[in-house]
Structure formats: C-alpha cells, structure tokens
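Below is one structure, written out as structure tokens; the observations come after it.
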Amino acid sequence: MPILYALVARGTAVLAEYSSTSGNASQIAMRVLEATTEAESRVSYSQDRHQFHLLSTHGITYLCMADEAFGRRIPFTFLEDIDTQFESKYGPEAQTAMAYAYNSQFSKVLKQQMDYYNTNPDADAIRKVRGGILDVKRGMVENIDKVLDRGEKIELLVDKADNLQGDAFRFKKSAVRLKHAQWWNNAKLWLTLFFGLGVVIYIVLAVLCGAKLDKC
C-alpha cells in the first residue's frame, strides 16, 4: 500500500492519526514534527525506501509516510485533501484542541482517503481538476537522519506484508492498463470484421445488380 501512515498535528500535539502498518512510523513521525518548523510548509524527508511528506497550513501540520516509488505528487494531493476536510470540519477550534481530540472521528477519514488514493488509478487526476499539477519536484528531498540531527541513526520498521500490498497495487494498475488495451484491440478487430463484411456484401450485390446497384 503506497501511503502507509498519516497524521494531523498542531506542533507536536497529534490530533488524529491512522496507520495501515505495524512498525515505528508513528515514532519517527513525532521526531520529524519536533525537528520541523512551521516555515517549512511543504517538504519531504527520505528514510530507506520510504518518504515522509509534510504540509503545514494555518498552524496545522499534515504528514504522511509513503513508499518512495509512489512519488510526491499523489501524497501531497492526499495531504491537501485532508487539509480541506479537516479545516471544514474543525476550523479554528483545532488551535486549542487537546492531543488526540479528534482521533476517534478523523482517523476514519484518514483511512478512507488513504484507501482511495492508494487504490484509485485516477486519483492523480484530482490535482488537475483543482487547478494544475503541482511541481513537487522543486525542493530537495532530505535524508531524515540529517533533519533530526541527533547523532543516532533511526531505522524505519515496516511490516514486510506492506511490500506485498505495494506490489498488489502496481499489479492492479497494470491490470487496468491491460484491460483497456485488450478492449481497444477487440474494438479494432470488430471494426475490421464489419468493414470486411460490408465489402463482401457490396461485391455480391455488385455482381448481381451492377456496380451502381441499379439493376435489381
């Protein structure tokens, strides 16, 4: 599953989170929050084969962890979607909410949207509808160990089963593309058959009725 973990926080106070994997993603996410300033409104950090993506707006930070191969555009589209839903639901009251105040309700939203962006092949098109593709390639993806700057190396632990889920997602996308290709090939085959049948019918009628079909 490409997006594995997500949270909403104010500073280091986590207001809601959801994880689809076992491991220490939550622990590393907390360390990232401690080392990140509000000025860094849109930034990504790498760790092994995963990336942590952060979006900060109106004093609230939205973070997700995804497979590195998933890129940055869809994770940031996911975070912007979460930002929109969180702001519309809680607004200014989130500025004074206690830690995990919204976890019971909003963790369900995190899971729902995570599932959507992980499994819907058209999820990337949402960005275009909202006004153009974000150039998330600008800006460096820093190594998380440099950002934490604590001297010790943190190893990200992710359940091996999630690698299989990621492979399943990629297989599903390939299957969709294959299905479309097969449909188009079938369509071309039927068009060719209809055209050939039409030519045969014309030849038979031309033999019986003349080239202009005026003798029948």
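Glycine is treated like the rest: Cβ placed from N, Cα and C.
Note: TrEMBL annotation is automatic and uncurated.
These features come from TrEMBL:
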- 7-110: domain 'Longin' (DOMAIN)
- 125-185: domain 'V-SNARE coiled-coil homology' (DOMAIN)
- 189-211: transmembrane segment (TRANSMEM)
DSSP-assigned states of the domain 'Longin' (7-110) in counts, ordered helix, strand, coil: 45 helix, 34 strand, 25 coil
Per-region confidence, the domain 'Longin' (7-110) (mean pLDDT, whole number): 90
